[in-house]
Amino acid sequence: GDILDDYSKTDGVWILTRNKQLYKTNNERECADKCEAERNFTCRAFLFTRKILQCLTLAENAKMTVTFTSTDTDLYEKRIYLMQCKRGIGTDYRGTEAKTQRGIPCQKWAEKIPHKPNYTPEKHPNAGLEENYCRNPDADESGPWCYTTDPATRFDYCAIPECEDQCMQCNGEDYRGEVSRTESGLECQRWDVQEPHMHGFILKHYPEKDLKMNYCRNPDGELRPWCFTTNPNKRWEYCNIPRCTTPPPVSGLDSQCLSGRGEDYRGRIAVTESGNACQHWNTQFPHKHGWIPDRYPCKGLEENYCRNPDGEKKPWCYTTNSSIRWEYCTIPPCDTTEQGIAGMNDVPVQAPLTEECYRGKGQSYRGTASVTVSGKKCQAWSSMFPHRHIKTPDRFPDADLRDNYCRNPDGDSSPWCFTTDPNTIWEYCNLKRCDDHTQQ
């Protein structure tokens, strides 16, 4: 790949640094070559001045010193020295964590007290053994470590978080890293251009998919992140993004009832709406299919339970009837089922009384309507997606901002909600005013 892919560029910036070397080069790539070959110090960044073709290799980056505005100069910082997280087992970790997972300060690699080290800067000049920073010079499977300043503990591991933008959880739907080459080394086409390949993945149509620059993304539920390529003969290709070793973050309780399209449904119903038993997801009989649990680790494809891995209108399954490939399932909606059902099965419980109308301005409305006047689904009040807002449950503790139910926390003319449509921030809800003649 391009040598500049390893650097983060900032336009119009100069940084103050003591350790530097001046070179004359023709372009930024030649300057990057000088940084890579620097032997006077560890080169963490370089400055390139376009008009006079001046290259300054630097021992420090913007995290370590002060910056100034400089119109004609660009700062290129090595990404590896900006990261405070590790990739894989962290052999290339060059962050500044300097204490163990138990909080004990690290011993400097060049010192011999309280422990005489086997790994020193002289013996391992390419391992980044600077100061007392956590490192992994011996490719330890447990990650970066250091000798400790505790005489009773020779060494211990460091608590370095994994770089989420350098690896993917699940199928990479939430990958937001900056890899921009395919697995065969082709450069990715920018998402905001239509050549050499015309496509429909326009940023304004997919605002939540982060289709920035030419970075690999997975906006359509593919097996892993991909991109269109700049090669006219190769329309698209997968990118080589490693899978994270840490488990994906838990996004709340898995739903035991039908909310929206039921993509988060993790209940145990395993029969279709016409009464056919569901086929197990890990089998290919009687119907062959591509929804293999190992390929889609976060879709909940357990046993033969009804699921919605592909954004259908509701959960479904392949059937054990060889003449019927698949069918939808009947899942109790969340407004008639207790969401956090205890026990092994989906057991309907008595539904709360649903208010179908509101009084006055609806500030006292506590029903479970969650659809707007134009039919849009409401966004949950505790969510910031797709719309960021300040109408949160903690800011309005008396407004009962539960789930995505229509409410009126701010004294508007009637209950309303933020919508799940990225192009419509909010709308009034599809509710009527109560015809109540008993109240004055």
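Each Cβ is built from the backbone N, Cα and C atoms, and glycine gets one as well.
In TrEMBL, annotation is done automatically, which means it is predicted and not curated.
Per TrEMBL, CYS227 makes its disulfide bond with CYS188 among CYS188, CYS244, CYS257. In the disulfide annotation of TrEMBL, CYS257 is paired with CYS334 out of the candidates CYS167, CYS170, CYS334. The disulfide bond recorded by TrEMBL for CYS417 joins it to CYS378 [selected from CYS357, CYS378].
The disulfide entry in TrEMBL for CYS434 points, among CYS357, CYS406, CYS429, to CYS357. Reviewing CYS244, CYS278, the cysteine that TrEMBL connects to CYS317 via a disulfide bond turns out to be CYS278.
Among the disulfide-bonded residues CYS329, CYS357, CYS406, the residue whose Cα lies closest in space to that of CYS167 (disulfide bond) is CYS329. CYS216 (disulfide bond) counts 24 other C-beta atoms within 10 Å of its own C-beta, drawing on all protein chains shown. Nearest by CA distance to CYS406 (disulfide bond), out of the disulfide-bonded residues CYS239, CYS329, CYS378, is CYS378. Proximity note: of the listed disulfide-bonded residues (CYS227, CYS306, CYS334, CYS417, CYS434), CYS306 have a CA within 10 Å of the CA of CYS278 (disulfide bond), given in sequence order. When the disulfide-bonded residues CYS239, CYS244, CYS257, CYS317, CYS334, CYS429 are screened for a Cα within 10 A of the Cα of CYS417 (disulfide bond), the ones that qualify are CYS429. Neighbours of CYS239 (disulfide bond) among the disulfide-bonded residues CYS227, CYS257, CYS329, CYS357, CYS378, CYS429, defined as a Cα within 10 Å of its Cα, are CYS227.
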